[in-house]
Amino acid sequence: MVSRVIPVDPFDVVVFGATGDLSTRKILPALYRRFFAGQIPPEARIIGAARTDLDAEGFRALTRTAIAEHVGAAKRDPEQIEAFLRCVDYVPVDANGTSGWQELKALIRPGVVNAFYFSVAPSLFGDLAERLHGHGITTDDSRIVVEKPFGRDLASAQALNATLAAHFDEHQIYRIDHYLGKETVQNLMAVRFANILFEPLWNSQYVDHVQITVAETVGVGGRGGYYDRSGAMRDMVQNHMMQLLCLIAMEPPYHFDPDAVRDEKLKVIRALQPAAQSDIVRGQYLPVKGDPARRGYVEDVENPDSRSESYIALKVQVANWRWQGTPFYLRTGKRLRARTSEIAITFKQPPHSIFDEADDSWRENVLVIRLQPNEGMNLKVMIKEPGPGGMRLVQVPLDMSFAEALGEEGADIPDAYERLIMDVIRGNQTLFMRGDEVEAAWAWTDPIIAGWEARGDRPQPYDSGSSGPEDALMLMHRDGRRWREIRE
Ligand SMILES: NC(=O)c1ccc[n+]([C@@H]2O[C@H](COP(=O)([O-])OP(=O)(O)OC[C@H]3O[C@@H](n4cnc5c(N)ncnc54)[C@H](OP(=O)(O)O)[C@@H]3O)[C@@H](O)[C@H]2O)c1
């Protein structure tokens, strides 16, 4: 199967924070891959911007290294790399100072789409918006791309939205949640709304419960300071997991159109019931004995009194007609048994069994959408066990790995950043969060965090390499359910 690459028109994209980690690991390699695919024309301009005093050649050298380190060998074609580097330029700019802005302005071409990627610390987002507008660099058609985290609570998100809104219209603001750029996440919408098969069953009458898992094997690494001020609730649940929940729970939009999709997601967030503290389990990973490289959470963040969680599991109810009575169980954590992200929709058992099976507890159909590794889907169905042994049932997977089903194309799924950056250039906001969505998500999250902060709750310790704290198992057991195994 050959996918169509539709080239975009020439554009200017400015990457603020171009010398940083996200830019060199994700943004620059993603732009190169789209260039390699033929989607970015040679007339496009990629302008790095940061305080470091580099010239264009110096930044090209840095970009070359980023490509060498973060693009697979199959796409590292020397001629293509040199052609791409001819699109690359650099200007030293101070986001909260005065230097560099006139030079930047001189580089932006009138008449082509221009986009400004804010890959800097969130404290600089407002400064960038103000200066871009103040120096007359942006027009009504310019786009700004804002990285996460978007605020740390409702008040700070509202303040940031207000600052951005003072200089840019909502249709110009692209708030990134890279989970939305994943192929399988968009496939979730295709599976639901382009097939007749699932949607009639997609409600509390037929769905027993939903599990969303984002498990990591790594600890907080070098991000300890940032992470400890945030915790898993702010870092993962308020944004990524909430977005996944929305895509599962939302009503069909009237059209696959940015505002139609985001209106439906917003309704889901507003329908979330406040989560009771008894429906939440938080944890912190313990050190691995005898392995100084794998310290415990409090050692990693250098805060023995830390109350932030590296693990959270919670039971969430969407209070509307479609989902009343179907719980959504969310869990995410660091230093867990395996690195895996998945959504599992567990359907109810048939109302009556005509087969004489002693144990029918495992009979439910489960639709699993894997985000990583191996993006794909898997539907567990019951069939007759082959052979002459009578009517015995067995559960088998109808497995669709994109890599297998779509051959080379499927094995070469674009990175989320590739798709999202191209959407910015095309002016498509469907996969970006709207300001009101972000605020609604914080409005739901804030009181939960305030609750455990007020009580001074301490997360429970859990073993590194485990599935999380014991109490998280109880969260499901007491409802007569169990978590899916965390494994790759
Ligand atoms: N890294 C990730 O995996 C990741 C994932 C999700 C979201 N994010 C978000 O992406 C953003 C960037 O993260 P990062 O990890 O790339 O940070 P980083 O490695 O610390 O890079 C920060 C960049 O900002 C530049 N910078 C700092 N102060 C500046 C100023 N006053 N004016 C202009 N440029 C300035 C730095 O270059 P100079 O020192 O040369 O100025 C550097 O290029 C953050 O908002 C982060 O939350 C990162």
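Yeah, the Cβs are placed from backbone N, Cα and C, and that goes for glycine too.
All annotation found in TrEMBL is predicted automatically rather than curated by experts.
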Recorded substrate site member, picked from Asp169, Asp235, Asp356, that accompanies His178, Lys182, Glu216, Lys334 in TrEMBL:
Asp235
Nearest by Cα to Arg51 (NADP(+) binding site), of the recorded positions His178, Lys182, Glu216, His240, Lys334, is His178
Go through the binding-site residues His178, Lys182, Glu216, Lys334 and tell me which ones have a CA within 10 A of the CA of His240 (active site, proton acceptor).
His178
Fill in the CA-CA distance, His178 (substrate binding site) to Lys148 (NADP(+) binding site), as an integer in Å.
9
Between Asp235 (substrate binding site) and Lys148 (NADP(+) binding site), how many Å separate their Cα atoms?
9
One finds that other Cβ atoms within 10 Å of the Cβ of Asp235 (substrate binding site) number exactly 23
